[in-house]
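Let me begin by presenting the structure, written as structure tokens, before commenting on it.
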Amino acid sequence: MDNESILITGPEILDAGGIRRGSVLIEDNRIADVSNTLSPGDADTVIDGTGKLLIPGLVNTHTHLSMTLFRGIADDLPLDRWLNDHIWPAEARLNGDYCYAGALLGCIEMIRSGTTSFNDMYFYMDHVARAVEEAGLRCVISHGMIDLGDTEKMTAELRESRRIIKECHGMADDRIRVALGPHSPYTCSEELLKETAALADKNDLMIHIHVSETENEVSEVSRSHGMTPVEYLDEVGVLGPRTVAAHCVWLKDWEIDVLAERDVKVSHNPSSNMKLASGVSPVARLLQRGVNVSLGTDGAASNNNLDMFQEMKTASLLQKVNLEDPTALPAMDVFSMATLNGARALGIDAGLIAPGKLADIVILNTRRPHLTPWRNPPSHTVYSASGADVDTVICDGRILLRDGELEVLEEKYVMELAEAAAAELTG
């Protein structure tokens with residue numbers, strides 16, 4: 001790394017450890033010091049953090065980045081009709097150039113709303129990786145594998161996953177890593193799931209999979225295999241500490257115990273689950289059992305944005321109303337889900353503002369009417385702030401956004417490129 005050193009002077013600092021004030025020194029791609037004794041002469045670049053809040057970069061643990069191109073094409077539908085009648089037919093027309101355009105757009109949206117790392121499952125992932133490399137973000141990518149019991153399709157899906165591993169794992173100074181992405185237990189054959197588990201074990205790779213998103217999925221898997229999705233995935237060896245299980249809405253208590261015992265990382269996607277009326281994930285119970293629960297936006301077609309601030313607020317309020325308990329999932333807990341828990345889920349040495357941690361940092365402008373009076377940073381961050389309050393973003397020690405201005409990518413060009421791609425894909 002040859003990044004210049006950066007000093008952020010005088011912000012309030014909020015992370016999973018609490019709130020404090022201090023200056024933050026970044027050298028290369030890591031936080032070198034956090035203290036009140038640092039001076040401007042200690043760094044090449046100085047950012048004035050007065051009147052601002054510094055937090056760890058947000059981590060989106062489940063999304064489909066290039067689906068920004070499908071934003072708004074199939075709203076107000078249940079998941080099965082949404083997929084079968086609209087999304088899958090549109091996805092059949094995708095190519096690498098379209099996915100690159102959608103990924104660039106998604107990267108800009110995430111930078112502007114404070115996300116520095118994400119977990120992405122989709123198609124043409126080498127093109128997605130190229131977009132992420134140009135944007136300067138950090139991610140785990142996986143080719144979404146679906147075989148529907150077709151042996152030839154299974155072989156092709158595994159071949160593509162191996163290609164992406166070979167070409168993309170460790171790209172961009174290791175900011176881009178590759179996982180295996182079997183779509184779900186109802187779209188993947190037992191053989192594909194077992195091959196995935198074996199390949200993950202052999203290469204020490206993460207697995208990214210949708211689990212128990214809807215009642216229909218649970219019923220379908222139970223009819224086909226005589227087991228719930230969690231039980232079935234455990235049987236075929238998919239569940240483990242490197243597995244990120246997205247959604248996990250329809251869970252029995254004993255299934256939560258299995259997830260906890262296997263140290264599975266759960267990605268909660270409240271906005272998508274609400275929009276598709278999939279149900280409410282038992283997040284409070286998962287956390288009580290010691291499961292690492294993080295947050296994801298899902299794709300922009302089922303959210304319909306990638307704003308993790310929205311996701312934090314929605315997650316907290318959804319648990320409160322569902323449990324009829326105003327104390328459920330308080331602000332600091334959900335903030336930790338969006339930062340430290342997400343970093344742990346993806347195996348990223350970040351999520352805290354502390355010496356030695358990766359320099360993935362977001363600075364918020366707190367001098368806004370909706371953040372005034374500024375008296376409770378955790379509350380304001382979760383319940384009042386939005387992605388529009390993001391002032392500066394640093395990922396891997398590199399400034400991507402400063403004073404609201406992008407320092408990577410050409411925003412106007414990317415929006416025009418994505419608009420044209422979406423028009424060609426969806427008419």
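Including glycine, each Cβ sits where the backbone N, Cα and C put it.
E213 is the residue from E160, E213, E324 that Swiss-Prot records in the substrate site together with E91, H183, D298. Binding of Zn(2+) is attributed by Swiss-Prot to H62, H64, D298, and the same site annotation extends, among H169, H210, to H210. Taken residue by residue with DSSP, H183 (substrate binding site) is part of neither helix nor strand, so it is coil. D298 (Zn(2+) binding site) sits 16 Å from E91 (substrate binding site), taking the Cα positions as reference. Around the Cβ of H183 (substrate binding site), 20 further Cβ atoms fall within 10 Å across all displayed protein chains. Sequence-ordered, the extra residues of this chain that approach the Zn(2+) site, with Cβ no more than 8 Å from the Cβ center of H62, H64, H210, D298, are T63, M121, A246, H247, S267, N269, S272, G296, G299. Ranking the binding-site residues E91, E213, D298 by how many other Cβ atoms lie within 10 angstroms of each Cβ puts E91 at the bottom. A strand conformation is recorded for H62 (Zn(2+) binding site) in the three-state DSSP classification. In the shown protein chains, 28 other C-beta atoms lie within 10 A of the C-beta of H62 (Zn(2+) binding site).
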